[in-house]
Amino acid sequence: MTPQAFYQVLIEHGITLTDKQKKQFETYFRLLVEWNEKINLTAITDKEEVYLKHFYDSIAPILQGYIDNSPLSILDIGAGAGFPSIPMKILYPEIDITIIDSLNKRINFLNILANELELSGVHFFHGRAEDFGQDKVFRAKFDIVTARAVARMQVLAELTIPFLKVNGRLIALKAAAAEEELISAEKALKTLFSQVTVNKNYKLPNGDDRNITIVSKKKETPNKYPRKAGTPNKKPL
């Protein structure tokens, strides 16, 4: 997907990028490739592939109508090089973005990226989701939590649901359909007072399969969750 094809797809969805936004995506690509030589950020560095499999892929929740340009508070867990939240922030400047990542080198990259892109309303924290999920500053404070190819739902639910306000949404982006995964996650979702409201398969413009799953939080999360760092993955609910 060339940058021009990317812009055209957005126009077809009613979004016309300004010159500033186009430059932000261009700068994002350049910094991603530069920094990828120092630290491992992505296996994808070809320009057209980055625009398709990182930029376009990240904004799927916007293109499908699940996020609008309003002062939503969005937490991105395990964003790595900033996907999906930074492309969404470029598109919709009104949203407020927080990223938690376990690798400090990636946080350093994100700080430089945000500075170069002149983004405001972005906050980056180094650490584990399990630890932040028990912190009153972060717990039950977000409208939306996003996670792109982070963990299977049985584990992901415990890492993300505690951060949501009641009626907040987890938006999980994955490469393939999640039917069996959701069956395995039924107990975890029930324990965390949350339920799947959207499970939708779609395709990227090149035909690659993708899945978006949205989970809604119905009640406050029991205090014992999330458990200590590493436990959700070793002993899923």
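Keep in mind that glycine also has a Cβ here, set from the backbone N, Cα and C atoms.
Listed in Swiss-Prot for this protein:
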type	residues	note
BINDING	GLY78, PHE83, ALA129, GLU130, ARG148	S-adenosyl-L-methionine binding site
REGION	216-237	region 'Disordered'
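Projection of Swiss-Prot feature records onto the structure.
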residue : record                               : contacts (Cβ under 8 Å, 6+ apart)
GLY78   : S-adenosyl-L-methionine binding site : ILE100, ASP101, SER102, ALA129, ALA147, ARG148, VAL150, ALA151
PHE83   : S-adenosyl-L-methionine binding site : HIS54, ASP57, SER58, ARG148
GLU130  : S-adenosyl-L-methionine binding site : LEU159, PRO226, ARG227, LYS228, ALA229, GLY230, THR231, PRO232
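Residue counts of the region 'Disordered' (216-237) by helix, strand and coil are 4 helix, 2 strand, 16 coil (DSSP-based). Between the binding-site residues ALA129, ARG148, the minimum number of other C-beta atoms within 10 Å of a residue's C-beta occurs at ARG148.
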